[in-house]
């Protein structure tokens, strides 16, 4: 190969943000509605309503004045014209590429854990071997990839509602690539005929023949995985650490060196449909599995690849997905497509696919020392976030309903607010992710659960718990109703934050011709955009746990779910704020138990 070829991450035909690539990838063949725009008068009125409980009266009055000035300004008209023009594309959304560029490609730390998100799946495959599970999963994922290539898997229905699966178009054969002057999202929409397998930091290429049945492919893959697992060859963490550097410039330098020495190998990694990691460890708890997927002493990763399977020696699965393209709801949907189809196959008479080892440049002693330091730096970065796992079998959705509580999410967030106020005497903004896939390229919006009613209840409760709980039935219905209404608004594209983000980005990209609105500098604007408590809930029978770092330096991250079996959560906080989370968890548990015990 001519090493003077332009690297794929610098080619416009591989750049997700190139309008031609976007148009080629995303075709709204199911006529799913586009993400709606709203008049600024509408979303800014909602902004004032949602932000009022979060700021002082003085700051709120200033925000009201700033909103009025903005609505009367030339800048407002210019910004809305830009958004309206972006909304004309029926095969995208006015926000989608902005979201990719500014929410993810501007990540300043390692792509994992900042962008790569791990999801633990509990599978009905007890007793399976690592090779059996890897083969079944890979065959099913390969089949889904083929369907995506043929545009046979573009949407799904739930209770007569159609949801988009557009994110599948950019999750295969893709990768986020760190560059000092701005990250690139590489995607190859030409059909790939191979996957990459990693075991003990040795990379293997498996070319797949589509001529046989899915069962035949699974048998071939199983024999191939057995061969790879039987191979004792191992390498210390090496060039793959370029995906885990703590600076973009360092990652770019290593990537450029690697491209100059072995471009063929690099292209194999990027162009592969997906990666399968065969980990030589046995882990049991969700938290252990999630943390292992991000950092392990043997590393064994190529972070920021679109989608990866991480399978342990005791056949436990974590899906590592690049959040730039794929969020938790999409992972849950993907799991529900393939998990029910998992079954063992008879390998008698089958032939293994021949694994081809990918050849990395030789690592001399100086480079080994350098990579060892990179590994330490990455470990320090990852473990600066401390995580805890909660699993409460005594706190379930049926129990809540039996207490007369209709909306479990509203109740949980009220308890979060009480715990927060008891911990630091503050009521801060909370991010709650809301699925917007009923729109083409809709992704997520967020709701802000604090309201005047919830704030008043929290303060009453913290002052007089017994007296306040005696009047719980008087206060709670309004809190619950508002939470439900905010959720409904966010689901239909009528939230607050995405519209505010769009207005800001329209100005940001045209600030040479648009004066910066004073509204963007108000305390209220900055407060509604902050996420000291960042939360996300995915309730699914297979996707049981996931994790993410705090969004704010002094904040906490809460990945949780409640269903008929339990309440479970992975909570995160940075080391310097550890005591805050410990106190918060204690107060949260006490609050839930006290309220449930009191309610009859």
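Positions of Cβ are set from backbone N, Cα and C atoms, glycine also.
Copied from Swiss-Prot, the annotated features are:
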- 323: active site, proton acceptor (ACT_SITE)
- 396, 397, 398, 399, 400, 401, 402, 403, 404, 405, 406, 407, 408, 409: CoA binding site (BINDING)
Under 8 Å Cβ to Cβ from residue 408 (CoA binding site), same chain, six or more residues apart: give me those in sequence order, or none if nothing qualifies. 397, 400, 401, 562
Around the C-beta of residue 323 (active site, proton acceptor), how many further C-beta atoms are within 10 angstroms, looking at every protein chain? 22
Go through 396, 402, our binding-site residues, and report the one whose Cβ sees the most other Cβ atoms within 10 Å. 396
A correct count of other C-beta atoms within 10 Å of the C-beta of residue 404 (CoA binding site) gives 12
Cβ distance under 8 Å to residue 398 (CoA binding site), same chain, sequence separation 6 or more: which residues? 564
Considering the binding-site residues 400, 406, which residue's Cβ sits among the greatest number of other Cβ atoms within 10 Å? 400
Sorry to bug you, but what's the C-alpha spacing from residue 323 (active site, proton acceptor) to residue 396 (CoA binding site), rounded to the closest Å? 29
What three-state class does DSSP give residue 408 (CoA binding site)? helix
Whole-number Å value for how far residue 323 (active site, proton acceptor) lies from residue 406 (CoA binding site) (Cα to Cα): 32
Round to a whole number and give the Cα-to-Cα distance in Å for the pair the residue listed as 'active site, proton acceptor' and residue 404 (CoA binding site). 37
Tell me the coarse DSSP state (helix, strand, coil) of residue 398 (CoA binding site). helix
